[in-house]
Number of protein chains: 2
Amino acid sequence: MEMNEHQIRRIDHAVCDWMLELRTRILNHFGQRLTVQTKTGRKDLVTNVDKENEKFYVEKIHGFDPQAKILGEEGFGDQVNSLKGRLWIVDPIDGTMNFVKQHDHFAMMVGVYEDGEPVYGAIMDVMNNVIYHGGPQIGVFANGLAVPEPENLSLSDGLMGMSASLVVNDVSHMQAIEHAASGMRIYGSAGLDIIAVLAGENVGYISYLKPWDIAAGRALLEPLGLVVSTIDGNALDMLSSNLVLVATKQAQQDILKIVQG
Amino acid sequence: MEMNEHQIRRIDHAVCDWMLELRTRILNHFGQRLTVQTKTGRKDLVTNVDKENEKFYVEKIHGFDPQAKILGEEGFGDQVNSLKGRLWIVDPIDGTMNFVKQHDHFAMMVGVYEDGEPVYGAIMDVMNNVIYHGGPQIGVFANGLAVPEPENLSLSDGLMGMSASLVVNDVSHMQAIEHAASGMRIYGSAGLDIIAVLAGENVGYISYLKPWDIAAGRALLEPLGLVVSTIDGNALDMLSSNLVLVATKQAQQDILKIVQG
């Protein structure tokens with residue numbers, strides 16, 4: 001059942017091809033009118049493009065890997081209650097608010113898990129046309145070029161990505177973490193925040209994340225010596241929402257000390 | 001004394017050439033070790049590149065416009081106590097923290113004023129190799145292409161750029177402004193925040209700014225129907241620090257209502 005390197009490389013080629021095809025479709029959509037709806041509130045948006053993209057991924061994945069289950073943000077995948085077997089986790093547009101308001105600064109993400117363990121991930125920074133892709137067996141690449149392990153910087157030596165509501169409401173000592181870091185950045189896309197950590201631009205990222213916001217990232221972060229946990233340092237529940245901490249090993253330790261008071 | 005359109009176009013060509021030349025130098029610097037020093041505190045950095053860039057601009061401006069005064073962030077220009085006559089205002093690296101930590105997401109800015117009024121501005125997003133340039137007489141361009149007037153969106157319809165300390169300390173009802181907007185973004189570079197408003201990606205930006213942080217931006221924003229004021233809606237003092245509000249006309253009105261309670 002467990003996939004070998006060759007099978008993971010086949011997934012890699014397929015996913016990168018799908019992302020490039022969808023990118024062209026997205027650029028064409030900018031000439032047309034988007035259909036924008038709210039989900040849980042006025043700041044939680046979904047568009048016709050999110051839905052069309054997810055249907056595209058679901059169809060492609062079913063053709064490519066018919067036995068696998070699919071968990072998608074917009075609900076076109078399967079009802080998934082267990083991490084047993086192979087699971088594809090899809091975010092068809094990450095940073096939908098940026099997508100709608102800016103036509104920039106959004107991502108697409110696809111993760112593949114086997115019995116709850118990450119085997120493959122891909123995050124596309126759509127407008128910059130860069131895909132971060134790979135996993136524990138095949139390594140991590142940006143458009144095919146190997147990504148070096150980021151330096152193990154401390155919190156005080158680096159910038160932290162965060163989400164606005166955590167900072168405003170000072171959840172889990174977020175303002176003390178901001179104060180201890182070199183600075184805070186808010187990008188509005190989990191995918192772009194994770195890319196910033198992969199690229200060594202930021203030392204960490206903290207946000208409430210759903211499975212599709214972190215599945216691909218975890219498959220890319222851990223092989224580069226970066227750590228993914230809850231804000232308390234525990235393992236993520238990959239089927240549920242978590243207050244997620246992504247960081248260098250050193251910044252994780254620094255942040256856990258602040259969180260634990 | 002007042003410059004005509006032809007003279008402003010000459011400035012435009014010169015400034016864009018200088019920025020392109022400096023961009024090449026900056027990219028070469030990334031292969032070498034930066035010398036980083038702190039200024040007013042551990043989050044306020046200056047590097048050898050900031051200083052070398054400013055010396056470059058000062059030399060070029062003196063050669064191009066010998067009678068003019070120069071106000072530069074790093075102090076290599078003149079001691080400027082008056083807005084009389086022609087004044088060049090230079091930020092040699094804007095977003096130095098991003099420059100040092102990310103090697104990305106920083107800007108260069110040059111503004112030209114006559115008797116306190118903006119006549120020309122240029123902001124370069126260095127890593128994206130895009131210059132926003134122009135002014136009230138010649139219009140506003142991005143790498144030579146005319147920039148359209150952004151839609152006059154309300155605060156609730158758009159994203160707001162802010163600086164971290166304003167939000168954390170809830171200065172001037174900043175958290176209520178964040179709540180009323182579609183969302184908040186923190187980029188860490190005044191130049192890139194101003195570009196986001198010029199490009200219609202964000203409806204506004206609020207931050208404590210020095211003259212060199214806003215001089216170029218004001219020359220570009222106002223010709224596009226955008227407004228620049230203090231957070232109370234008053235005119236800026238271009239020789240001092242201000243809590244600056246940049247916005248669409250409608251978002252400015254929405255924000256002033258919140259600020260005035």
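Every residue gets a Cβ built from N, Cα and C, even glycine.
Curation does not apply to TrEMBL; its annotations are automatic.
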Task: Determine which of A:Glu73, A:Glu74, A:Glu114 appears in TrEMBL for the same Mg(2+) 1 site as A:Asp91, A:Asp94, A:Asp213.
output: A:Glu73
Query: For the binding-site residues A:Glu73, A:Asp91, A:Asp94, A:Asp213, which one has its C-beta crowded by the most other C-beta atoms within 10 angstroms?
result: A:Asp91
Message: My understanding is the cutoff is Cβ-Cβ under 8 Å with a sequence separation of 6 or more in the same chain; which residues meet that for A:Ile93 (Mg(2+) 2 binding site)?
response: A:Thr47, A:Val49, A:Asp50, A:Asn53, A:Phe99, A:Phe106, A:Ala107, A:Met108
- line: Taking the centre of the Cβ atoms of A:Glu73, A:Asp91, A:Asp94, A:Asp213 as the Mg(2+) 1 site, the remaining residues of that chain with Cβ inside 8 Å are A:Val90, A:Pro92, A:Ile93, A:Ala107, A:Met109, A:Ala190, A:Gly191, A:Lys210, A:Trp212
